[in-house]
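What TrEMBL records for this protein:
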| type | residues | note |
| --- | --- | --- |
| ACT_SITE | Cys2 | active site, nucleophile |
| ACT_SITE | Lys602 | active site, for Fru-6P isomerization activity |
| DOMAIN | 2-217 | domain 'Glutamine amidotransferase type-2' |
| DOMAIN | 283-422 | domain 'SIS' |
| DOMAIN | 455-597 | domain 'SIS' |
Amino acid sequence: MCGIIGIVGQQPVADRLVDGLKRMEYRGYDSSGLCVVDGGELQRRRAEGKLGNLVEVLKADPVDGTIGIAHTRWATHGAPTANNAHPHATAQVALVHNGIIENFKELREELRRDGRTFESETDSEVVAHLVSRLVENGASPQDAVADVLPRLRGAFSLAIAFRDHPEMLIGARLGSPLVVGYGEGEMFLGSDALALAPLTQRISYLEEGDWVVITREGAQIFDAENKEATREIVASGASAAAVEKGNYRHFMQKEIFEQPTVVAQTLGSYLRQADNSVALPQLDFDISEIRRLTIVACGTSYYAGMVAKYWFEHFARVPVDIDVASEFRYREPVLEDGGLALFISQSGETADTLAALRHCKANGQVIGVVVNVPTSTMAREADLLLPTHAGPEIGVASTKAFTCQLAVLAALAAHMAVKKGLMNREEEQSVVSHLLETPACLNAALDHDDDIASMAHLIAPARDVLYLGRGQDYPLAMEGALKLKEISYIHAEGYASGEMKHGPIALIDDEVPVVVIAPSGPLFEKTVSNMEEVRARGGKIVLISDAEGLEEAGEGCMATIEMPKVHPLIAPLVYAIPVQLLAYHVAVVKGTDVDQPRNLAKSVTVE
Ligand code: F6R
């Protein structure tokens, strides 16, 4: 979603604010802005489009204050124009906001009746006016904020600057993350630890309903009841280097190539290599007693859950109900007491998934969370926290987080099977040894990067692309289609191979490439029949399979991508590589913005 940063410094802060925004650009990049308090004035600069435009505005019209706030936006209310860009300000108060103020219309009406005028179409501007109205009437910044916060419905994090109080900023958090950073004679606010990484490693995570006053001397934190609260200061561990591309052209490319390493790290924390066993953290519930598993997630994380459904059903024989988070809550799911509800999220902040988590918690489910940000809201609300160790994922299209999620989920399915007595020691050893082969197989898959780059020219001119897969490769077909459409803007759909003849086959002609994901194995023959149906209608096939599969069905394909022969359990991890690389190279050929595709943002903290 949006990224916010605030600095109460000793030196001019504009450059550091812009640097902080650079590290948060993945959260939103359709407009940006900053405001500093300087010489009894609020100095505000804003620009439509990428952060570079704000840099140009600042070059032409620099600012000089030592205290300021800044924002990079992913539009919710109002088009991405300079006028709708944050900070929003009155003469007295400037504010940046991440999230949504659901009751902004009624608040705006109330303020209009009071004679106040608005310059933007945003929900955020009402908060600036509400605070300002009180300050103009003599309230202290603290009293004004304490008064306004309970009036806001929705999810938000805020950073607020005051013209007449050049010594302080106020931050608030409800539903969207905000961290407080402690420096030497300087203090910071940020949407995440990464934003503050080069500024300080000492941070506190605000809790739901908290608000904070920062000055050069420190922070005073209040809870939702306005009682002073203490929040532990922890070492953030975030590294600014994670937000560097190194020798890669794009973050997405770097993150694709990191997968052997980060999947090995993730597997290493759930598997014991010494005796090939699964080693999950101590659970304070009996997993063998779980009779139903509910999996909820969004987007790519949802597809990881779909793959895992096959594993939980196959190995642990537990019924699995899976849904996208935005639908889950509204279909009145039947949740029996004692079920395990598993939430999968890279960011741990996705609003739909978080709302589903809270719904399940209120309905007696044990809450398991597979998450890449161990300090995220979901992580903190989990009964069972299963971190992925992918490291910060900056490219908006998720890649390494997906394969790390799969690694954790495979280990959890095996663990559940062992505990239920459905997997004996020998079987466990075999499953674990196959999982441990994954990093090497991912490397072998990455060796095909050049071939895939050459074949991208065949796909780039297409208007539509279909992806087909069967069994656990069906979610991969959907993931492949999602990757292609989000970064290359080519319309793509993933279907279960056998489902194609029930409708999508009508789309097939010689201009619609069909990418078939089909490792050799028991389901292969059936998929080959579906390929024949495509071929018979002039369709052009890209077959992703192993040597055996390509030998049997590769002839006559427009292109083939050879994967190493792998155990079916790890095939979804390995076959994720060619679908990611194909989408990446097609986007490069098309010249789209790979890391910051249009209309998207990472970490979607609105419903
Ligand atoms: C696609 C992508 C999104 C996310 C989705 C959920 O490449 O990144 O579909 O997977 O927005 O986000 P998290 O996993 O952070 O909950």
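One-based numbering along the chain as shown.
Each Cβ is built from the backbone N, Cα and C atoms, and glycine gets one as well.
Long-range neighbours of Cys2 (active site, nucleophile) (same chain, six or more residues apart, CB within less than 8 Å of its CB): Arg27, Gly28, His71, Thr72, Arg73, Trp74, His86, Val96, His97, Asn98, Gly99, Ser191, Ala601. For the domain 'SIS' (455-597), DSSP puts the residue distribution at 73 helix, 29 strand, 41 coil.
Mean pLDDT of the predicted structure over the domain 'SIS' (455-597): 94.
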